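Per TrEMBL, these features apply:
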| type | residues | note |
| --- | --- | --- |
| DOMAIN | 24-479 | domain 'Major facilitator superfamily (MFS) profile' |
| TRANSMEM | 20-45 | transmembrane segment |
| TRANSMEM | 65-85 | transmembrane segment |
| TRANSMEM | 97-117 | transmembrane segment |
| TRANSMEM | 123-141 | transmembrane segment |
| TRANSMEM | 162-187 | transmembrane segment |
| TRANSMEM | 199-218 | transmembrane segment |
| TRANSMEM | 282-307 | transmembrane segment |
| TRANSMEM | 332-353 | transmembrane segment |
| TRANSMEM | 360-379 | transmembrane segment |
| TRANSMEM | 391-414 | transmembrane segment |
| TRANSMEM | 426-445 | transmembrane segment |
| TRANSMEM | 457-474 | transmembrane segment |
Amino acid sequence: MAPGQLRVLYALDVARTQLYHFTATVIAGMGFFTDAYDFFAISLVTDLIGYKYYLDQGEVHIPRGVSAAISVIALCGAVPGQLVFGWLGDKMGRKRIYGVTLILMVFTSLASGLSFSKRVGKNVVAVLCFFRFWLGAGIGGDYPLSATIMSEYANKRRRGALIATVFAMQGFGNLAAGIVGMVVAAAFMKSDPSSHADFAWRIVLMFGAVPASLTYYWRMKMPETARYTVLVAKDAKKAASDMSSVLNVNIAPEDEAVNQLTRQGQYGLFSAQFLRRHGVHLLATSVCWLAVDITFYSLNLFMPYIFTHVGLLPTLEKGDNPFKLMIDITKVHTTIAICGTLPGYFATVALVDRIGRVRIQILGFTMMSVLIICLAAPYDQHWTKPKNKYGFAVMYGMTIFFANFGPNTTTLIIPAEIFPARLRSTCHGIAGAFGKIGAIVGVFAFRYTEDHVPRTLFGLVGCNIVGILFTLLLPETKGKSLEEIAGEIEEQQPQQHADAAASAEHVQVVPV
């Protein structure tokens, strides 16, 4: 047991991986499942929305600004969502705010599919954007809360894998978006597109409410994390009671030790002491997340356009069935998810606690840079020579693989570990907000430079290089307790060291 560490936190750190870890992983992971579904499903139905509201003489003409707004508005909502709900998670408790974000996601997912207007037509798109902004706010709030809760519940030996498993549910959400889109399109294939396209996109968007609503009860049954209860709320008895029942151990409360520990280092966010201890960490996590999201969201949201440009997907011509195009898009989307997205997440789960977060992040940024150069340099040859387009698809899938076996996952893990408990959710929200700002930049940059795809891809390489440089400023966190990483137990008196060592004897496993 680390000098000065509380018994209840020590018990969490050394606990074997057991049922409650998996339960917490599923409950927190369903939030990320919903997040990914809602973020990426919109790219599958944009053509249907255009077919319904921007059909001109048999051809779809969606203005670039409208198309960009439909794609990016949820990301715009995620920025204030991460900042506000992350801050509230530190002020009011992770569990309480966790339920608020879930309710917001369920309501706005349903409202997105029920977007109507008295003036039928383009006003519907404005109503849709309004609800997707608030959907993004709920999704944004889920990021810092889910990551922080899993981090504070996990044992130190498998903490990285458990957080990565929660985030890996994004891959299944991505896959679900493709499957639902394909099933809905197939169901309407033989119908009249002009009258049924409106139903199809609404059904796909509303389905995002289903997984979130299924986990609400279990989220409310989860106890508050012991680290918040004891280090922020300063309620040693409740923390000991909650974790005794969860871990099946008998843990005695330590009121005096809690008072001594929580009096130390009560510096505020952006104070001189915070900037000295964690300023570089906050800067590095924020820039790395910004860099990877510029690349990740650009490649994912504009995959249909890029694949159409190189000849892997057909364009929607006059008289074409939009449901047939939607099936083609979802087939490619699902294939990329199965072959690139999910294996990348699984590789991180398997290796993050063995080779470390920093090494995986550097590896991911490096391989993404190499692969994107291979996509961009001979870009014209990919679509002028039919055989080359399949090699393009393979390299594209590998880029997505190394994004997930790399910075897309580790940028979520590291901020959930390196900041003090009382500021952890807030700082995670700040870093995540920079990531979503990067996603917004990437979407708009791609939308307005889509006629110069190679130039844009080289720009993504530059973002990856910036990510590598700032990753070098981050500490490795594998195998350490959260209090040790954040420096919350580094300054103790000799007598406190002796007391802490002796206190480990009071953690006794008993049958419950």
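Even glycines carry a Cβ here, placed using N, Cα and C.
Contact between the transmembrane segment (391-414) and the transmembrane segment (20-45) is absent: fewer than three CB pairs lie under 8 Å, with pairs separated by 6 or more positions in sequence. At the 8 Å Cβ cutoff, the transmembrane segment (123-141) and the transmembrane segment (360-379) share fewer than 3 close pairs (sequence separation 6 or more) and do not count as touching. Long-range contacts of the transmembrane segment (360-379) within the same chain, counting only residues at least 6 positions beyond its ends with a Cβ under 8 Å from a Cβ of the stretch, are 288, 291-292, 295, 310, 348, 351-352, 388, 392, 395-396, 398-399, 402-411, 414, 453-454, 457-458, 460-461, 464-465, 467-468, 471-472, 474. If you look at the transmembrane segment (97-117), the same-chain residues 6 or more away from its ends with a CB under 8 A from one of its CBs are 31, 34, 38, 81, 85, 88-89, 123-124, 126-128, 130-132, 134-135, 137-139, 141-142, 145-146, 149, 202-209, 212-213, 215-216, 219-220, 222.
Looking at which of 65-85, 199-218, 282-307, 332-353 has the most CB pairs under 8 Å to the transmembrane segment (457-474), the answer is the stretch 282-307. Mean model confidence of the domain 'Major facilitator superfamily (MFS) profile' (24-479) amounts to 86 (pLDDT, 0 to 100 scale).
Residues of the same chain lying 6 or more positions beyond the ends of the transmembrane segment (282-307) and with a Cβ under 8 Å from any Cβ of it are 40, 42-44, 47, 71, 75, 174, 313, 329, 332-333, 336, 361, 364-365, 368, 372, 393, 396, 399-400, 403, 406-408, 411, 414-415, 418-419, 427, 430-432, 434-439, 441-443, 445-447, 450, 453, 456, 460, 463-464, 466-467, 470-471, 473-474. Under 8 Å from some Cβ of the transmembrane segment (20-45) lie the Cβ atoms of residues 70-71, 74-75, 101-102, 105, 109, 132, 135, 139, 142-143, 145-146, 149-150, 153-155, 158, 162, 165-174, 176-178, 180-181, 200-201, 204-205, 207-208, 211-212, 214-215, 218-219, 222, 246-247, 300-304, 326, 329-330, 333, all in the same chain and six or more residues away from its ends.
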